[in-house]
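First the structure, in the form of structure tokens, and then the observations on it.
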Amino acid sequence: MSNFAVSLPEVIAVLPAAGIGSRMLADCPKQYLTVGGKTIIEHAIFSLLHHPRIQRVIVVIHPQDTQFSRLSVAQDPRISTVYGGDQRANSVMAGLQLAGQAEWVLVHDAARPCLHLDDLSRLLSITECSQVGGILAAPVRDTMKRAEPGIQAIAHTVDRQDLWHALTPQLFPLELLKLCLSRALREGVAVTDEASALEYCGYHPILVTGRSDNIKVTRPEDLALAEFYLTQRQSLNNDSL
């Protein structure tokens, strides 16, 4: 392990992967679909394990999952698994219980196979300057429309000046994230990402600019796009050798 990794706070990663991904219309959960020669979840895990500051990855799986244990990455000693819950917040909380005494926890979507190492490094660097944490995010470039309630018609255009697409990973002090998620769950607040729980509790995580090709595979057409990005990256890596 490098001196760089030892001198900075310990970071544990949690990868919620207990969902079934019904919008993909596939025969298996989307994280087990193959893209670029590996399953989506393998790409997501390897992008974390390749960084020297990530000590361990906790993969949160569905109680009836029989596929993760068959992957070669499941045998890596830095990988732990735990069963998740019905909602993302419950699954993340289950993962946090295995994080031990780590100072910081990084949560990454199992369905994001295109994370760049330099984006991850920029996010991890905030442990040196923030006590709240932050997320990878991309500024909104498209024109945004708000729909009329209940119908698919434009109500008005939304000012995109300060709008960002929330991405993952998202990085927070372990105990702070536990506290905020616990409160949100206890009070019945719907949180769609970990930053939402901190926002609910009055905190303001940092926005760290990330690449917009860090896509989440949600629909069938996303597979081809992820394949393109991964192939392009591999081609660039080969050209640099």
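Start at 1 and count along the chain as shown; that gives each residue its number.
Any Cβ shown, glycine's included, is placed from N, Cα and C.
Taken from Swiss-Prot, the feature site 'Transition state stabilizer' applies to Arg23 (among others), supported by sequence analysis.
Other Cβ atoms within 10 Å of the Cβ of Lys30 (site 'Transition state stabilizer'), summed over all protein chains shown, number 26. Secondary structure at Lys30 (site 'Transition state stabilizer'), taken from DSSP and collapsed to helix, strand or coil, is helix. The site 'Transition state stabilizer' annotation in Swiss-Prot covers Lys30 (among others).
In this structure, Arg160 (site 'Positions MEP for the nucleophilic attack') belongs to neither helix nor strand by DSSP; it is coil. The 10 Å shell around the Cβ of Arg160 (site 'Positions MEP for the nucleophilic attack') contains 13 further Cβ atoms across the protein chains shown. Among the features that Swiss-Prot reports, site 'Positions MEP for the nucleophilic attack' is placed at Arg160 (among others), with the record citing sequence analysis.
Here Lys216 (site 'Positions MEP for the nucleophilic attack') comes close to Asp109, Ala111, Arg112, Leu167, Thr168, Asp222: these same-chain residues lie at least six apart in sequence, with C-beta atoms under 8 angstroms from its C-beta. According to Swiss-Prot, the site 'Positions MEP for the nucleophilic attack' annotation covers Lys216 (among others).
A gap of 31 Å separates the Cα atoms of Arg160 (site 'Positions MEP for the nucleophilic attack') and Lys30 (site 'Transition state stabilizer').
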